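Features as listed in TrEMBL:
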type	residues	note
REGION	1-56	region 'Disordered'
COMPBIAS	43-56	compositional bias 'Polar residues'
DOMAIN	59-149	domain 'GDP/GTP exchange factor Sec2 N-terminal'
COILED	67-151	coiled coil
REGION	176-197	region 'Disordered'
COMPBIAS	184-197	compositional bias 'Polar residues'
Amino acid sequence: SQANFEEDSQKQPAVGHWKPLMPSKGSKEEPETGCQDAGGVDETQSTEQLNVSRLRSSSVEIREKGSEFLKEELHKAQKELKLKDKECERLSKVREQLEQELEELTASLFEEAHKMVREANTKQAASEKQLREARGKIDMLQAEVTALKTLVITSTPSSPNRELHPQLQSPSKAVFRKGHGRNKSTSSAMVSAASQNVTPEPVSHEFKEVDSILFAEFQAWKESPTLDKSCSFLDRIYREDVGPCLDFTKQELSELVRVAVEQNTLTIEPVASQTLPVIKVSAEECGGPKKCALSGLPRTCRHRIMLGDSGNYYYISPSCRARITAVCNFFTYIRYIQQGLVRQDVELMYWEVMRLRREMSLAKLGFYPNEM
C-alpha cells in the first residue's frame with residue numbers, strides 16, 4: 001500500500017494545478033452507459049422485430065408465390081391430363097372401330113369362303129352331271145355310227161340290205177315296225193329278228209295282258225335301276241332268257257361272251273369286207289369261215305366277234321349271232337333306262353322289255369332273219 005501511495009503521489013500533478021473536486025467520471029458515465037445500453041437493446045429488439053416482420057412478410061410472399069406457382073402447375077397438369085384423357089378416349093374409340101371392322105372383315109371373309117365352297121360344289125355337281133350326260137350321248141352316237149356302219153357294210157351289190165334300201169321291197173312284203181325306236185350299242189347293231197322274216201300284224205291287232213308279278217318286279221327295279229343281277233327282275237331274266245340264250249356248246253367261250261356282253265365290250269363285225277387278222281389262239285378255238293367257234297358245227301360264218309381288246313377274233317354262225325345280238329339289245333335298252341335316256345311311261349318300257357325278252361326266246365329257239 002505504501003508503494004501504491006508513492007506511485008499515486010508521483011502521479012499527482014504538480015503544485016499549482018488544481019483539479020476541481022467532482023464526482024468521478026466513472027460514476028457519472030455509468031448512468032449514461034446504462035442508458036446507452038438500454039437504448040441499444042431497444043434498438044436491437046426493434047431491429048430484430050423488424051427483421052422478423054420482414055422475414056414473415058417475405059415468407060408469406062414466398063408462400064403466396066409458391067402456392068400460385070403450384071396452382072398454375074396443377075392447372076397445367078389438369079389440362080394435360082384432360083388432353084391425355086381425350087387422347088385415350090379417341091384411341092380407345094379407334095381401337096373399338098378397328099376391332100369391329102376386323103370382326104366384320106373376318107365374318108365377310110368366312111361367308112365369302114363358304115359361298116365359294118358352295119358354288120364350287122354346285123358347279124362340280126353340275127359338271128359331273130353334264131359329264132355323265134355327255135358320256136351317255138357319246139355312247140348313243142357311237143352306237144348309231146356303229147349301227148349305220150354295220151348296215152352299210154352288210155349292204156353289197158350282190159346282197160343288198162333291204163332294210164337300208166326300202167325301195168327294193170315289194171309292196172306286198174312291207175313290214176310293220178313296232179316297239180321302242182332307240183340307238184343300239186356296238187354289239188347290238190342288227191334289226192329285229194322277227195320283223196325281218198315274218199310280216200307281223202299291226203300293234204292294234206295284237207292282244208296283250210300285263211303279268212302282275214313281272215310288272216311289279218320291273219316297277220321295283222325301275223325305282224332304283226341297276227345292272228346287279230341279284231335283284232328279282234334281272235335274276236328272273238338271267239335264269240329264263242339270258243342264261244339259256246348264251247348257253248353254247250363251248251362252255252368256256254360262252255362264259256367269256258356273257259361277261260363281255262355284260263361289260264359292253266363285245267364287238268361284232270362282218271368278215272367279208274375285213275382283212276383277216278393274225279390269229280393268236282388255235283384255229284380250232286377261233287373257228288373259221290366254215291366253222292362256228294361257239295357251237296363247233298360246220299356253218300357258214302359271215303361275222304366274227306372280239307372280246308374286249310384281246311385281239312382274238314372268233315367266227316360265229318348266223319344263229320349264234322342272232323342269240324348274242326338279242327341279248328345285247330336287251331342290255332342296251334336297260335342301260336338306257338338306267339342312264340335316264342328313256343322318256344316313256346313305265347308300262348311302255350315294260351312292254352319293250354317284254355318284246356326284247358321275246359326276241360331272246362326266239363333266238364335261243366333257232367329263229368333268225370335271212371340277213372344273218
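From the backbone N, Cα and C atoms, a Cβ is placed for every residue, glycine too.
Because the structure is a prediction, the values reported are computed rather than measured.
The average per-residue pLDDT of the prediction over the domain 'GDP/GTP exchange factor Sec2 N-terminal' (59-149) is 88, rounded to a whole number. DSSP places the residues of the domain 'GDP/GTP exchange factor Sec2 N-terminal' (59-149) in helix, strand and coil in these numbers: 91 helix, 0 strand, 0 coil. The residues of the compositional bias 'Polar residues' (43-56), classed with DSSP into helix (H, G, I), strand (E, B) and coil, number 14 helix, 0 strand, 0 coil.
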